[in-house]
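As recorded in TrEMBL:
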type: DOMAIN; residues: 1-28; note: domain 'AP2/ERF'
type: REGION; residues: 114-141; note: region 'Disordered'
Amino acid sequence: FPTAEMAAAAYDAAALALKRADAVLNFPSSMDSYPVPASMSPQDIRSAAAAAAAATALQRNEEADNSLRVTERQKKYEYDMTMMSSTSLASSVGMDEEELFGMPNLLANMAEGMLLSPPRPSDYPDSSGNSDGAESRLWSY
């Protein structure tokens, strides 16, 4: 077999076929996933061992693919964080947000909005001169 893991899985499948519960396995947690030979003939045991080795190779490839996906995701996250950091750096040195977002007069409109009083609810009582808040529902229990 090309890898030690494949050989160990083939051994485990053959040992289970021959020794049943008395078998000492390399991967005891994988015992339920090993194929059972159709009979006790050497040919059937060999084919079950080969199938176990192939399944181990397939599982190893899937784990490598998953590891690669995690690594790619981590690199993308690091790239995104770098880009966000460089964007915030660029804005601190004078990046034009109005041009970036395609919103002319963005800063002027934001400044004007800060000068306006917030709208009052329609049922807000007009307290002309009494600022102790006694008429407000905020402090009434």
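Cβ coordinates come from backbone N, Cα and C, glycine included.
Averaged across the domain 'AP2/ERF' (1-28), the predicted model reaches a pLDDT of 87. When DSSP labels each residue, the domain 'AP2/ERF' (1-28) comes out as 20 helix, 0 strand, 8 coil, counted as helix, strand and coil in that order.
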